[in-house]
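Before I ask anything, here is the structure I am working with.
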């Protein structure tokens, strides 16, 4: 309760009432996440039912021809509870900004970065957890982490030229054999119980993902060496970095930050929308998340931080490592004039510097201020936005999360760029699976939008203009 009160003071009266309401919903002394959900869900079901009865026919927005041909950009068509992306403020997790999460969410003993367990608790419940609640979640995931033997055998027999994301997707799909939801659905479980089985599967999957991801890493880059055993006294990120083979406490802190800030980014991005869509068919969390990972593997979604590193490396190769602002400016213009973009800058929704970039920059300033690659990234931060503004084409000239993450991973020795999207995937599970639980709890139906052909669209427009 003291933590909730502190949060209310930090966020002001606007959010204080929400925090007090959350405190009434579930005792801060309760550490069982499922029990808290069981209390929250009926209240939220009733609230939404009343809202729909009163406002179900209210028009939310208009759809244009350009939206239909342009990837549905800007089209309001989904309800997604766990996070909202504001063009100016960036992502808010259940109403909390990244700086607020960094301040309020529990941290490891001696650590400074938020624990992803706390972020998951927040995404699921809307409440800032206590240290005891986060500790319960760490131990619960450790208890559920063991992989079935057929998945281990599968991972060990993949060819080394199979992309890490393909391995992740296949292994998660194979975990479907363990699905509580699929089994219960086949036995005719009541719809009101769907969320409980989705919760169990989601908890199991999140617990097992670091083991899968670490095994992929060890098989591909560490000659198949063992990942070791899960330590129930360590947090989720610490166990993950141990299994990867990294013992630097700063790298573990980076991983806590990385897994927190990449967890969710509203519902319209490819991975979030895919899990939502596939889950609406009542596919279990393993199948839904595997589908999301196939979307994340696409170069337009999950490969951006690799593209940044490739561009930075090429820049250093062509103009040197200690480059003047003037030479850097010329190189940026050459990139743009050749028809290419500056990777790591711009965003489909954001119109300011991505707060996920900012917190990584702060981490670098604290832990690696003299690293040459970080200094180059910092130098670009001063120059690129002005060049893009001069060019006049970019709606958002500011850096996004991908402009920084790869540089930090490289500094601590993780140089295998093909693997970076796997880390992204492990993190993204927190957001999309939290939402999947709520999608089933709220009874969201099968997603089935109406499509039109170009011919049909032309006839429709003609009828409107005539």
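Yeah, the Cβs are placed from backbone N, Cα and C, and that goes for glycine too.
Okay, these came from Swiss-Prot:
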TRANSIT   1-27  transit peptide
MOTIF     2-21  motif 'SIFI-degron'
MOD_RES   76  N6-succinyllysine
MOD_RES   103  N6-succinyllysine
MOD_RES   193  N6-succinyllysine
ACT_SITE  301  active site
MOD_RES   321  N6-acetyllysine
MOD_RES   321  N6-succinyllysine
ACT_SITE  347  active site
BINDING   356, 428, 448  oxaloacetate binding site
MOD_RES   375  N6-acetyllysine
MOD_RES   375  N6-succinyllysine
MOD_RES   393  N6-succinyllysine
MOD_RES   393  N6-acetyllysine
MOD_RES   395  N6,N6,N6-trimethyllysine
ACT_SITE  402  active site
MOD_RES   450  N6-succinyllysine
MOD_RES   459  N6-acetyllysine
Of all the recorded positions here, 76, 301, 393, 450, which one's CB has the most other CB atoms within 10 A?
301
Given the recorded positions 301, 393, 450, 459, find the one whose Cα is closest in space to the Cα of residue 428 (oxaloacetate binding site).
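Checked the recorded positions 301, 393, 450, 459; minimum Cα distance to residue 428 (oxaloacetate binding site) goes to 301.
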By CA-CA distance, flag whichever of 301, 347, 448 among the recorded positions is nearest to residue 193 (N6-succinyllysine).
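The answer is 448.
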In which DSSP state, out of helix, strand and coil, do we find residue 356 (oxaloacetate binding site)?
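Where residue 356 (oxaloacetate binding site) sits, the three-state DSSP reduction gives helix.
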Could you measure between residue 347 (active site) and residue 301 (active site) for me? Cα positions, answer in whole angstrom.
11
Nearest to residue 448 (oxaloacetate binding site) in three-dimensional space, by Cα, is which of the recorded positions 76, 301, 393?
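Going through 76, 301, 393 one by one, the closest to residue 448 (oxaloacetate binding site) is 76.
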Through the lens of DSSP with three states only, how would you label residue 375 (N6-acetyllysine)?
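The three-state answer is helix.
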Quick check for the class: what is the C-alpha distance, in angstrom and rounded, between residue 301 (active site) and residue 393 (N6-succinyllysine)?
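Per the Cα atoms, residue 301 (active site) and residue 393 (N6-succinyllysine) stand 21 Å apart.
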Are there residues of the same chain, six or more positions away from residue 321 (N6-acetyllysine), whose CB falls under 8 angstroms from its CB, and which are they?
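The answer is 372, 376.
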Rounded to a whole number, how many Å is the Cα of residue 395 (N6,N6,N6-trimethyllysine) away from the Cα of residue 450 (N6-succinyllysine)?
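Approximately 30 Å lies between the Cα of residue 395 (N6,N6,N6-trimethyllysine) and that of residue 450 (N6-succinyllysine).
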If you measure residue 375 (N6-acetyllysine) to residue 450 (N6-succinyllysine) at Cα, how many Å is it?
49
Which one of these recorded positions has the most other Cβ atoms within 10 Å of its own Cβ: 103, 375, 428, 448?
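That would be 428, with the highest Cβ count within 10 Å.
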Near residue 402 (active site), which recorded positions out of 76, 356, 393, 459 have their CA within 10 Å?
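Checking each Cα against residue 402 (active site), the hits are 356.
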Run through the Cβ atoms and count how many others sit within 10 Å of the one on the residue listed as 'N6,N6,N6-trimethyllysine'.
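Excluding its own Cβ, the residue listed as 'N6,N6,N6-trimethyllysine' sees 12 Cβ atoms within 10 Å.
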Ten-angstrom check, please: count other Cβ atoms within 10 Å of the Cβ of residue 193 (N6-succinyllysine), all chains counted.
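Taking every protein chain into account, the count is 13.
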